[in-house]
Amino acid sequence: MFRAALRSLLGRKLRLLMSTFAIVLGVGFVAGTLIFSDTLSRSFTAIFASSVGDVVVRPEGGPVGEGGPSTVTIPATLTQDLAAVEGAARADGNVEAFGVFVIDADGKPIGGAGPPALAGNWTDAPAGNGLTSLVITEGREPEGPGEVVLDAKTAEKSGYDLGDDVSLVTAFQQAELSPTLVGTADFGDGGSLNGATLAIFETGAAQDLFLGGQDAFNSYWVTAADGVSQEVLRDRVAEVLPEGVEAVTGDEAADESASQLLTAISFITTFLLIFAAISLVVGSFLIVNTFSILVAQRSRELALLRALGASRRQVRRMVLIEATVVGLVGSTLGLGLGVLLFLGIRAAFGQFGLDISGTAMVFEPRTVLAAYAVGVVVTVLAAWVPARRTSRIAPVAALRDDVALPEDTLHRRFLVGLALVAAGAVGIGLALFGSVPRAGYVLGGGTLAVLLGVAAASPVLARPFLAGTSSGYARGFGAVGTLAGQNSRRNPRRTAATASALMIGLTLCVTMAIVGSSAKASVDAAVEENFVGDFVVSNVFGVPFSPSVADRIEEDVAGVDSVTRLRFGPVEVDGEREGLLGTDPASLAETAQIEMVEGSLAELDASSVVIAEDVAEDRGVGVGDRLEVQAIGGDSTFTVAGIFAENPVLSFPLVVTLEAFADAGFQPSDNFLFVDVAAGSDREAARAAMEDIVAGNTLVSVKDQEGLAEEQRGPIDQLLTLIYGLLALALVIAVLGIVNTLALSVIERTREIGLLRAIGLSRRQLRTMIRLESVVIAVLGALLGTGLGLVFGVVLMKDLESEGLEVIAVPWGQLAAFLVVSLLVGVLAAVFPARRAGRLDVLRAIATE
Amino acid sequence: MSNGSGAPAARVEGLTKTYGAGEALVRALDGITLELGDGEFTAVMGPSGSGKSTLMHCCAALETYDSGAVFLGDQDLTGMKDKELTRLRRDQIGFVFQSFNLVPTLTAEENILLPLAIAGRKPDPEWYRSVIDTVELGDRLTHKPSELSGGQQQRVAVARALVSRPRIVFADEPTGNLDSHSGAEVLSLLRRSADEHGQTIVMVTHDPVAAAWTDRVVFLADGRVVDELRSPDREQVLEVMARASARPGEVA
């Protein structure tokens, strides 16, 4: 049986190749994603191992999220105490700063504004476990103010040579710096910054720039003497530490940082795996269809095998063996594609600033296992349905002229489809509007169930459409139209299944189009409603910038009434993440109308907080109650001075004064400025003056309402482009599905085509006929997809209403474009099968069995 | 009208056709010259491999030939492009094959009208009516082929071949798959088409009974015309067949 299965496989190479393609793509995505995430994880593990000492001494509280190092410092006097600890070889103080961007000759920050822009002081302390930390690869170490060392990769990318003045933009008091490049450095024991940039200064210079000139450090590395373990040293160090400072082992600190970062970027893996799942689902439609048609075409051959004594099981197994082989071949090719995709994903993320090219590709055995498991399981499952049908072929069919496979009634299938849709709808509803554990999985499962349900019900759902196109075709295209219309109705199952593959891709495209355009409309609406003052100074990424920008606007720009600063920082309340917003309440109240539910903004002082309505409700706190907040600078307790109603100006729920914000340990950098120009003064002159101030600061810009809205729409468009690009793959698979179905049906109808040609159908008419059939499938898929996408999109937007996306905008023009594209897709998919049909030799076609 | 007076409907001159090359070379047609009279019902007979099907396919614009010429009326088919040949088949030739004559998705009536529909022409109502009457399908016209018997299917095929008033109808073993009763129905239909409408018909057959319905039987062997009968009956046909089939035996 095995040999018979292989033979029949080889006899149908082309058809199987096309169905394999779907598997290859799906498996490729899975493999590529796994390789990427393994490599990513190793690269971060390596870098973090090289950036901790044996024991790390730091202010208590530890880092919360990506807020950067704390402004809470440890006096430099501790150095001697630490070095004197028994078992300590040396102790070195570190200055750590975030938001020091290296600007290249074109005025662009290296790596964009995505990856962290780090700065620090130079030490030659070894990293934990005897690893070499930074070493100078070229030039020398920085020796005084006005000198800087860059990491080698950043130096290379920025094009600065030794001796050049490096242009830096910082989030600190000195917004712009131009020190001389005296050297480049790299991690001696491997580890790449993954696209982050690092600027290193002499210790005193670093303290001046980033710690306001105090002789202190953000943290210490204590290096263990030979034979002393990290744990032992940590315990001894702990004994000499003052209040509010803690010691952790380097291993612990590295794990902590790595796992925090990997959690933060785990969405990348999830995102890619979702697309792998989509292409596998779409691909499995293609496989079901291909095997169904192959089984139908071969029913006579299979009947002959049965007549010769093969059991039902043997025949069924033969089909499944074929599927297994297809799955194996597909998975193998998919693995290869996975490596290519990995390179592509790596390059793509490199563009966004996450550059992991410094780490060799990590190819775990698990990746291979997953690729084969996914490929083979999906193929065999998909082939199982048609394989089951072979057992209904009676041996006597071998003797008959025309064998028709018995089919299930569409009625049952329709009901099963409806049941699936209902179950899926309930799942989606629960996931979006109820509270179920693992809502993401429930949502995905529900969506899949609805898609499969509609696919199952589609032969019945498609009836009116097919009837309509049939009569339309007959009217518009005469005999050729009649033939094409009848052909598409000949096997509604097949037409609908092929269309369903396209439907899935389009459903997702339409959903994304609706979410995207709604998000953009919501941004516009939010900006319009809440734009306060005359101008804002900010950047789209929310990267903090130097407070000197606001200082200079206040001092130097004529006609400016007030500048309101907003500063953002991540904190925790009862272990849950919240956002802290620092601002000057007086100037905020002047600029924006903040509606208070209780209390008042004016009462805000350094020891109090104003909180959002929903946080007050969730936590059951009211005015006068105390609220404990964990920030990077440690825990602080605030008195609730007021509760404000939801509004987009205060985008974080805990609002404190700038003083309290600094006390919480955050760097004094601004994230957002509202600028109010006094009535009667020259707006445009003020604007020009502000633009002058930020001219050298490529991170921020001055915008009015329209400019801000436009800037905020930018990232949405970028994300949509990325998603459309990935969904295009699902569409490609669907198009291949149409090609496959048509090509197979041409083969199936060889005699009929021969007959039509014999009685006078021209090649051109034949091609038109097949093109029309293809267009029916494509348009059916597009209509189902658009309909379903509309429903999904609107439901999703209903859910997102609570997240501030309040406008539901349906991009009708775009939907119309999708329909036109699918029409073209239909025409395109028909090219190959139509050519093939046209080339059939009339006589031989008629003589075909 | 039923005898071959006047200009021929089709004629072939020195037609040769070979398949394969070298040792495997098969000479399917070896310089055949033949006239097919207007309004005549001709049977082409001969053993397997005698070239009768090839001859018909060449005449019917389905197959190209190596040398010689085929004239349909006064049109020379030699060197015509696929487009012209297709048009010729559509407008001037009718076909009845042994099996699988009908498009399964179309009703009997739609099948009959298909060649006209492909050409984008309307049927002449009077002619259409008379064809339908001759075929005697009655209320089965709206049925799909799968709902018709083999004999009925072949009669629909004949009606389709007739409906565009072709210059010539080619029938390739039209009764080969039918029982004798259904076969007789189809043959009688062809006979009446020739008698009543002066339709030129060429039929390839193995069956002496079928041949006996025709005006003229042409016998082929080894790609050549070896014998001919006019107004044949079954016994005469059998006799010639016996002679023809004896011949290759002698050569061997």
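Using N, Cα and C of the backbone, Cβ positions are placed for all residues, glycine too.
The feature transmembrane segment is assigned by TrEMBL to A:16-36, A:271-297, A:318-349, A:369-387, A:414-433, A:439-462, A:496-515, A:722-747, A:768-795, A:815-834. Residues or ranges marked as domain 'MacB-like periplasmic core' by TrEMBL: A:17-239, A:495-692. Feature annotation from TrEMBL assigns domain 'ABC3 transporter permease C-terminal' to A:274-395, A:726-840.
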Excluding the flanking five residues on each side, which residues at least 6 beyond the ends of the transmembrane segment (A:815-834) place their CB within less than 8 Å of a CB in that stretch?
502, 506, 509-510, 513, 731, 734-735, 738-739, 742-743, 745-746, 766-767, 770-771, 773-779, 781-783, 785-786, 790
Which range out of A:318-349, A:439-462, A:496-515 gives the transmembrane segment (A:414-433) the most CB pairs under 8 Å?
A:439-462
Should anything in the same chain at least six residues away from the transmembrane segment (A:369-387) have a Cβ under 8 Å from its Cβ atoms, list it; otherwise answer none.
23, 26-27, 30-31, 34, 276, 280, 283-285, 287-288, 291-292, 294-295, 316, 319-320, 322-324, 326-328, 330-331, 334-335, 338
Under an 8 Å Cβ to Cβ limit, what residues of the same chain, 6 or more beyond the ends of the transmembrane segment (A:496-515), are close to it?
278, 281-282, 285-286, 288-289, 292, 451, 454-455, 458-459, 461-462, 720, 723-724, 727, 730-731, 733-735, 737-738, 741, 777-778, 780-782, 784-786, 788-790, 792-794, 796-797, 800, 808-811, 814-815, 818, 822, 825
Positions on the same chain near the transmembrane segment (A:768-795), where near means CB under 8 A and six or more residues out:
428, 432, 447, 450-451, 454, 458, 461-462, 465-466, 469, 473, 477, 480-481, 483-485, 487-488, 495-496, 498-515, 518, 734, 738, 741-742, 745-746, 761, 808, 810, 815, 818-819, 822-823, 825-827, 829-830, 833-834, 837
Please list, for the domain 'ABC3 transporter permease C-terminal' (A:274-395), how many residues fall into helix, strand and coil according to DSSP.
100 helix, 0 strand, 22 coil
For the domain 'ABC3 transporter permease C-terminal' (A:726-840), give the DSSP counts of helix residues, strand residues and coil residues.
101 helix, 0 strand, 14 coil
